[in-house]
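*Asks:* Below you will find the structure I want to go over with you.
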Amino acid sequence: MYPSAGQDQLSYGAGQLNPVKAVDPGLVYDAGASDYVQMLCNSGYNETMIRIVTGDAGCCSSITNRTPRDLNYPSMALHVQSGTPFTAKFFRTVTNVGGPQNCMYKAEVWADHRLNVVVNPSELEFSKLNEKGQFTVSVSGGPLPGNSTAPATVIWSDGKHEVYIVYMGAQHSSQYSTPELHLNLLKEILVNWESLVYSYQRSFNGFAAKLSIDEAEKLSEMEGIVSVFPSKTLKLRTTRSWDFLKFPQGVNRNLQVESDIIIGMFDSGIWPESKSFNDRGIGPLPKKWKGACVNMTCNNKIIGARYYNSFGNYTSNEPSPRDFDGHGTHTASTAAGQSVSHASLYGIAEGTARGAVPSARLAVYKVCWSFGCTDQDILAAFDDAISDGVDIISLSLSYDAGDYFQDSMAIGSFHAMAKGILTSASAGNDGPYHYTVSNVAPWMVSVAASSIDRHIIDTLVTGDHVSTVGASVNTFATGNRFHPFTYMQATEITEPGDCTFFLDLEYGVNGKIVLCNSFSFETTFNRGIEGLVYIDDSSLDVSFSFPKPIMVVSSADGLNLLRYINRTKNPVANLHKSEGVFDSKAPLVASFSSRGPNPFTPDILKPDISAPGIDILAAWSKVVSVSGFPNDTRFVKFNIISGTSVACPHVTGAAAYVKSFHPNWSPAAIMSALMTTAKPMYPSAGQDQLSYGAGQLNPAKAVDPGLVYDAGANDYAQMLCNSGYTKTMIRIVTGDAGSCSARTNGTVRDLNYPSMALYVQYGKAFTAKFSRTVTNVGGGNGKYMAKVSADHRLNVVVNPSVLEFSKLNEKRRFTVSFSGRPLPWNSKAPATLIWSDGKHKIAIGTLISIRHHHHISKLALRIDYYSLA
């Protein structure tokens, strides 16, 4: 049961009675008479009274600092003072009653956004029946309003029955309705209908169900099943950006078509009252729209809103598409928000906030909650969005690359592509490491994050009037006085500079600015520090918000500050409010942006393109604080965040802009236009084609690319065949009996993709040929000449080197042959082919790299919102 008007945990306790499940709980919280007696002792009953009740002279233990919370009870409660930060630790012991076999339980926490909850250990292993395991639950948070409650739930799961996705490809005619077919399959493996979570039936075929490992294996062996895989869960992790992309407010628009473009946002919902989503000047709904608004009032701007929560968990939320995280509101306004003048974050980054296509419509599909975003919910959203009539899907979510048919976003976007819908997705926030890029399916755009020419900085002024510049989004006004400045000293349990344990012990830091090498985001801000300076070289290119003044400095600057502290009798400092400064080096790829090579299909170059994703201002939910920390009391209409999830809606909006001029173009043609017209970015320390793809997004140029590299469902199906997927599997996925050609020597490189990648063996000479076809979209007669810019170690031949066209949509084929001598270990050799008719320049990048032996492991999903909250 979940909180709603008139009910919460104070009224329903653990929830609705479930006798059948109670027979096999797996773990129990056991207690006996002595435990209850100790609880009474801890409650203040005197020992004489307890002795009379129990008849036991030694009934109370000698431990004097225990509380009633120490009872091994199957729930936990904490009452705190209004207006006071709090911290508490609960001790619990569980007994394994689930069976004699070895088993492991993992802890999952669902908590109110105002709470920090840590379970230690987060995994419990048992090797025999009735074995006991101990753990603690630490809870902390900022002051809570009077008469308020903050719920949380800790779930221990051994995965005995978890949600699996059963993917069955394209929709097929059947004597049964799709839900009935899915239920019949469950009956065949003796699973009852209550296990069914979703039946996907509008746009593709499949279902989500709670299954054991054995049941999942039985289903995977059945005819007509493409894949069965466990559902994964993601974790949630602009005024200047469009101008920086040379995409001004007054850019040429096709407003009549733009207002019919519908963008489907898969995210944490939306805050509809934001000025970015008013429908002033926008006409009635497009006739093609078949969607719905569920538990939220829409308008002519937000024309659809659905939510998906198969767990039924609405902790710190409500069953609606409203945004209680801020992320979805930010991404939606970046893609298609109305223009709002004088937008800023407390005066920082002030300007006009707007999306790429202010007249376009938004359809919101809320798939992300406080506990994360699940595969089964994401696929349900795809199922609806495709059928509802969206034109573009924006997906600021990702997980580690792997099998396309065990990836909910690759599956959903494939069926979207088959219906003419392009999916734009974030590349991931696991940079600067290689092989971390996400969303690598060639039918979706994978977007990297890069900087714009405005960087948000902060300044620390020390008592000797020396200024040190660092990274921070500090909205707090600059004070008139200096504060004591100290370096965190070592203790019995910490190294010098370790500020992790502010919460647990007093270190005399109240009213001071503290210099730290490390600290805990969850605990630091519950104490009375004046500010914090954190030494960290890894993320100086991105700024964060915190509930108190803080900034990040380089190790070199940190050393200088430490020297100042050590040589000064009474060191003092003052942290200034942040400001935006011009960055002449932009665009540079963000340090956090995930890099290639593509770990699953190396011959498809990913990420595809780069877009602004650092320090971006956009709309925010009014119920979410600036930093997201529980003790942050700042609530705003616009906020500054960073991440590839912020870059993704820039490409989404640009794709919608291109589609408004070319409504009949395929997803591949739009993707090609965006990539081949991108502004070039060049290799330097920390970046190359494996980090920025085709280069920096250039929306205005993409409307008129001249030539496009087009592809359709059959081309992607052939690529899958060339990748080793069986014809039977491809036939089920596409619903086309002739989806694989009879050719047996094809490779992934044969896909008509707007980039080229080749991985070669170390120490060996190499040669390879790529075939490509371009379609003339630049007008009637045209003559394009090839120009190659290549690494000196490469020999590149384009044949033919001249392409002539006599009509619109005419196609021409060419080949690009590469050869070279052995390349050094861990080296890359880039090349660029440009077709030009004197007006258009169509660039296609190539990267030749040494092949690595790389192990692919799938991890938990995540939302690519680069936040420390």
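Numbers run from 1 along the shown chain.
For all residues, glycine too, the Cβ spot is worked out from N, Cα and C.
Curation plays no part in TrEMBL annotations; they are all automatic predictions.
From TrEMBL, here are the annotated features:
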- 70-165: domain 'Subtilisin-like protease fibronectin type-III' (DOMAIN)
- 259-693: domain 'Peptidase S8/S53' (DOMAIN)
- D267: active site, charge relay system (ACT_SITE)
- H327: active site, charge relay system (ACT_SITE)
- S645: active site, charge relay system (ACT_SITE)
- 750-844: domain 'Subtilisin-like protease fibronectin type-III' (DOMAIN)
*Asks:* For the C-alpha pair, I'd like the distance in angstrom between H327 (active site, charge relay system) and D267 (active site, charge relay system), rounded off.
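*Replies:* That separation, Cα to Cα, works out to 7 Å.
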*Asks:* Please identify which of D267, H327, S645 has the densest Cβ environment, defined as other Cβ atoms within 10 Å, among these active-site residues.
*Replies:* S645
*Asks:* If one measures from the C-alpha of D267 (active site, charge relay system) to the C-alpha of S645 (active site, charge relay system), what distance in angstrom results, rounded to a whole number?
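*Replies:* S645 (active site, charge relay system) has its Cα 10 Å from the Cα of D267 (active site, charge relay system).
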*Asks:* Using DSSP, how many residues of the domain 'Subtilisin-like protease fibronectin type-III' (70-165) fall into helix, strand and coil, respectively?
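*Replies:* Counting residues per DSSP class in the domain 'Subtilisin-like protease fibronectin type-III' (70-165), I get 1 helix, 50 strand, 45 coil.
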*Asks:* Mind tallying the domain 'Subtilisin-like protease fibronectin type-III' (750-844) by DSSP state, helix then strand then coil?
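*Replies:* Per DSSP, the residues of the domain 'Subtilisin-like protease fibronectin type-III' (750-844) fall into 1 helix, 59 strand, 35 coil.
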*Asks:* I'm checking region-level scores; what's the whole-number mean pLDDT for the domain 'Subtilisin-like protease fibronectin type-III' (750-844)?
*Replies:* 93
